[in-house]
Protein chains: 2
Amino acid sequence: MPVVGMAGGGQLARMTQQAAIALGVQLRVLAKTAEDSAARVVADARLGDDASLEDLLAFAKGCDVVTFDHEHVPGPHIEAVTAAGVPCRPGAPALAHAQDKLVMRNRLSGFGAPCPRYAPVPAADPIPFLQDFAEGRVVLKATRGGYDGKGVWVVDPRDPAARALLEELAGLELMVEEFVPFRRELAALVARSPHGQGAAYPIVETVQEDGICVEVLAPAPDLPDDVRAEAQRLALEIADELGVTGLLAVELFDTDQGLLVNELAMRPHNSGHWTIEGARTSQFEQHLRAVLDLPLGATEPAAPVTVMANVLGGDDPDLYSRYLHVMAHDPAVKVHFYGKDVRPGRKIGHVTALGDDLAEVRARARHAADYLRWGPAMKDHAMKEKA
Amino acid sequence: MPVVGMAGGGQLARMTQQAAIALGVQLRVLAKTAEDSAARVVADARLGDDASLEDLLAFAKGCDVVTFDHEHVPGPHIEAVTAAGVPCRPGAPALAHAQDKLVMRNRLSGFGAPCPRYAPVPAADPIPFLQDFAEGRVVLKATRGGYDGKGVWVVDPRDPAARALLEELAGLELMVEEFVPFRRELAALVARSPHGQGAAYPIVETVQEDGICVEVLAPAPDLPDDVRAEAQRLALEIADELGVTGLLAVELFDTDQGLLVNELAMRPHNSGHWTIEGARTSQFEQHLRAVLDLPLGATEPAAPVTVMANVLGGDDPDLYSRYLHVMAHDPAVKVHFYGKDVRPGRKIGHVTALGDDLAEVRARARHAADYLRWGPAMKDHAMKEKA
């Protein structure tokens, strides 16, 4: 049975282990510490830093293929592993588009994929440039290293605060994008294998708060068939054009003028956690099948409606005591915890509910996620928030 | 988060790890070797022999609860772990009924659970005793240590072969049961928690060949509602009477005279593997919830029909190369491999198919299991068997 190496010890590697156990393939992870989310549950966890070429090469030795649970492994490191004879999936040329937002925008625009209007921001005297770029607010992005709303700022270049922010960000490579008045955000998750097979999951709606995904509704409610088909086609086209192997998540803005690509990720993605129970093949199994060049699994939904809600850390680290209420209240809700220490606002787990009626399923997922975050104080918190 | 210790390193512990990862509880297994099915995938695998009290006590230290993936841990060892302050679930008094078939029959008969007629076999001069017991064939069972058809013999005490067999078995404690002309075999899977909550899964039909379960049909087709309800009630009653904590699988004969209890198991059971995809809560998650005294999960089926087929070892150890065909042929079939070396007839994995039509779903599961066993030679084998 093959050995799949996954660089990174986060929850994506952790949940990939569940799929690897079923397939009988050995998952090896490269984690920074033994307390990392995946290192806690994977027998073959190696400790090291995937930003170190030496650590990465030692890790890759004996793997049949190497893949990633994040985008931060430097491209030249990935090329070196490939040169050492271990295929990396996705490869460095594809992954570059998930590592650098400007590279991604240039490439996507090159073959006509719809994107917000964008431009690189000059390092010298950026304010007049930004004022020329658009009338009102614009979206500033660090080209590299952002996640979960970090590395993204919405500013009005005419506002004095913009000058202060840009001084703070001096030295960071920035790009600017038009502020898109979207109706909602969607995500298209597809897989592509080295021999070119593709598979698309149902299009989902992602609900964000403060730049963090809090809910995923699968399938996206009230999505016209032609938009759904276009989103799937677009994601498969991007995977093909970029030569992605493994999963590709395409975050989309649903606007009055049609779909626009927001971000790309080439790995299992938060917007696909619902597939563990909600689709015939989980995204984690699909990623393993794709990077191993095995035939891809069926993406059909397992229920009419699936809702995934992220559990964010609250003030109280004692999650386990809340299982009693959550499981007794709703014996059918599925709880996933990542073995991470609780910090306020940190993604520490998720819950999934399935059923026939969106409002009911969404309320069930929401209740469980909120209760796990706030515990018995949930009501007080909700009242405070309203006040 | 609590630490659950599971004595035994087989596929049941391996699949329990998938559920433990989601719940965020730490699974610790006690395995004989690092190559054991579960030791290959569990980060906290301890090596040792659960028949050794010293190993078992060292293993249990630091666990919040200890449970088992088999029935062979001696009762006094379990009592010693309990006395050392670590609760064992199920406890020794309950587990005794899954360890000794005569103890089980006596206890079940004591509260009126329907069993085949049975008797202990005297060590001295057993043949006349057996000839008096029944007219034709009888079922001889070793009271302890049997599994998968091992430890069970169907003999006619008037046949000279019976005398030879009994000489061979001298020294083994035996019991005899009437040969039951059953229509089919059913299994009732229930969970019971320390505070007494119970949950019953749908009743399934198990299909055996040579004493080994080869298929499970969930739910059991064409089962009258009253028989289904009676099977669930009976299993819950047995769990309650015996004080089981965790899962209880009750193997049943479906006869013209009603249901009869065949065997008991107090752990995740082969007849419940279908629940991983086929029920809202897998039996492995349910077992963890039960031994942790967490509220039990919903047992509703996730599809109208689920069929699980065991994959037995064939002549060729190279299973992985067959994934290509099986996954391409049926992208929706779910493959589970146990990381075990292939030996002819050994259970090395299982496959699960879900759908609406029993004949179609069963054919899909059967095809995948047979192909994984025999590979491209399947057709030849099938032809040979027919010839």
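Every residue, even glycine, has its Cβ placed from backbone N, Cα and C.
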Checklist outcome for this item: In TrEMBL, ATP binding by B:Lys141, B:Glu177, B:Glu178, B:Phe179, B:Val180, B:Glu185, B:Asn262, B:Glu263 extends, among B:Lys101, B:Lys334, to B:Lys101
Checklist entry - Which value in Å gives the longest Cα to Cα span across the ATP site residues B:Lys101, B:Lys141, B:Glu177, B:Glu178, B:Phe179, B:Val180, B:Glu185, B:Asn262, B:Glu263 as recorded? => result 18
Next on the checklist: Within its own chain, what residues at least 6 apart in sequence put their Cβ under 8 Å from the Cβ of B:Phe179 (ATP binding site), listed in sequence order?
Outcome noted: B:Ala134, B:Gly136, B:Arg137, B:Val138, B:Val139, B:Val154
Checklist entry - Which value does the mean pLDDT take for the domain 'ATP-grasp' (B:105-292) in this predicted structure? => result 95
Checklist entry - Where's the emptiest Cβ shell within 10 Å among the binding-site residues B:Glu177, B:Glu263? => result B:Glu263
